[in-house]
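Student: Below is the structure I would like to discuss, written out as structure tokens.
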Protein chains: 2
Amino acid sequence: MKTETTIQGLSASLNPARSARKIIGFVPTMGNLHEGHLNLVREARKLCDVVVVSIFVNPIQFGPNEDFDNYPRTLEHDSHLLAEVGCDIVFAPSVEQMYGKYPRLTNISVGEITEDLCGLQRPGHFDGVAVVVTKLFNIVQPNFAFFGQKDYQQLAVIKQLVRDLNMPIEVIGVPIARAEDGLALSSRNGYLSEQERQTAPVIFNSLTTAADDLHAGKTLLNVLQQIRKSLTDAGLVVDYVEARSPTLQKVEQFDQDVVLFVAAKLGKTRLIDNLQVKYSA
Amino acid sequence: MKTETTIQGLSASLNPARSARKIIGFVPTMGNLHEGHLNLVREARKLCDVVVVSIFVNPIQFGPNEDFDNYPRTLEHDSHLLAEVGCDIVFAPSVEQMYGKYPRLTNISVGEITEDLCGLQRPGHFDGVAVVVTKLFNIVQPNFAFFGQKDYQQLAVIKQLVRDLNMPIEVIGVPIARAEDGLALSSRNGYLSEQERQTAPVIFNSLTTAADDLHAGKTLLNVLQQIRKSLTDAGLVVDYVEARSPTLQKVEQFDQDVVLFVAAKLGKTRLIDNLQVKYSA
């Protein structure tokens, strides 16, 4: 496995693969990798000849009061994990390598679906994601790109971006990896105290209960209220509990497939999760 | 020369060239071609193995009161001209082919340099240009792209866009093609009456006079006022007369290379022109 820290170095490393028209798979990450990320790499390994993983904590997707400075940077450990699951090239550029010395003027906005859910509390977040992903796509030029369904809204935003701009890339969403007790794996889980970690599975439990209740005939409004109550009772501060269509359109009733979304603070840690609920008439 | 009207057809046509790693040159146009466009194609022909010219009147770069509906569409004539100068593939998609049936949510803005000069009178114009050029770049995936210096601000915007988003494309600016009397060639010149056409060279004449005057020691402010007066005296309605640095930064004095910009209406036709003036201490 090679590690490249410059755009030029990465291009040189990828050039033989490009010349041979090999299938390039790309997994963009911010590092501090867990099984969720490794699943993305395993999926890429299955479909592609060459697997590139980027590790870049992207400053422009963090708000001024968010955890950019403290976001865990664990490149050495990440590299060991990536080598084990068959990554070919790690791309770990500096901020200067990605954003250069001159001011960036270009912004990309993916419109209304970025203003909802996490976009409400994190203005500009998805613009920052869209810009860095577009940059990374142009640098790596992959055939396939892999994103986790845990950041469901991010995945929807990237799919929309790729479609709207005719990027020659297929975006693949990979199911959420969970701990045995159901907690969705996240780099931010490392911020939780032992006690908070024991409380956190209430998020997934409330989502699965909601799915069962929907199938048993309860209303969408009712189950959303029930999720909110379960989280609040467990001591979480709810940011949102919402239902959307798979393409993030608002839904009033459970008369189609829906995705249930939760964002909540547990202590100082903001956690998100989601669950797709299939409709059958 | 092939003509393709679908993205899929174009991809199929380009696939052999891509597999053989040939150099692809791309000239995006809105058709109604003149010598200025043909110069871009000739330049592409010199540098590239395969030359693709797109002809697409892009609705999203026209304002609600602009000439989208009436913009001249002359595909057959354009095709004859392109065949003569060695174009390999004409890409002439429909609006539906480019923008599809579903709503586009993604917008691209190139910031402050799009809000100046033509951007002031044409809000959203350069966003529309940035979006369509990004789409076309992703569809054609050229190594080189050619733009005329007549639309100097557009060229600067595209260069900024490509740099900011790490697009793997080299953008080449080609000097303005002019009629014998100096009028910059433009598809919109066809809107001019015979009398207006005789008046129009005042734009270029006032620019060259200004360049001479700058070299003779007149101030920037003075020559800008003089251009404005010449145009007004000739019956044009000035939109702007401005000086900028080559990267479109504001300049106060002629103590560096400058570009002089004019936009003015002659009857109902809006004409633009510019002239680069070299500084030597």
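Note: Cβ is positioned from N, Cα and C throughout, glycine not excepted.
Pasting the relevant annotations from TrEMBL:
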- B:30-37, B:148-151, B:Ala177, B:185-188: ATP binding site (BINDING)
- B:His37: active site, proton donor (ACT_SITE)
- B:Gln61, B:Gln154: (R)-pantoate binding site (BINDING)
- B:Gln61: beta-alanine binding site (BINDING)
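Quick one: where do these features end up spatially?
Tutor: All protein chains included, B:Leu33 (ATP binding site) registers 25 other Cβ atoms within 10 Å of its own Cβ.
Proximity of B:His37 (active site, proton donor) to non-local residues of its own chain (separation of 6 or more, Cβ distance below 8 Å) is seen for B:Val27, B:Thr29, B:Val53, B:Gly148, given in sequence order. Under DSSP, B:His37 (active site, proton donor) is assigned to a helix (H, G or I) in the three-state scheme.
DSSP gives B:Gln61 ((R)-pantoate binding site) a helix state. Annotation for B:Gln61 ((R)-pantoate binding site): spatial neighbours B:Gly124, B:His125, B:Phe126, B:Gly128, B:Val129, B:Val132, criterion Cβ-Cβ under 8 Å with sequence separation of six or more.
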Student: Let me know how many other Cβ atoms fall within 10 Å of the Cβ of B:Ser187 (ATP binding site).
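Tutor: Taking every protein chain into account, the count is 19.
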Student: Measuring Cα to Cα, tell me the gap between B:Gln154 ((R)-pantoate binding site) and B:Leu33 (ATP binding site) in whole angstrom.
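Tutor: That comes out at 18 Å between the alpha carbons.
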Student: Among the binding-site residues B:Gln149, B:Gln154, whose Cβ has the fewest other Cβ atoms within 10 Å?
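Tutor: Sparsest of the binding-site residues B:Gln149, B:Gln154 by Cβ contacts within 10 Å: B:Gln149.
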Student: With H, G and I counted as helix, E and B as strand and the rest as coil, say where DSSP puts B:Gln154 ((R)-pantoate binding site).
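Tutor: Reduced to three states, the DSSP call for B:Gln154 ((R)-pantoate binding site) is helix.
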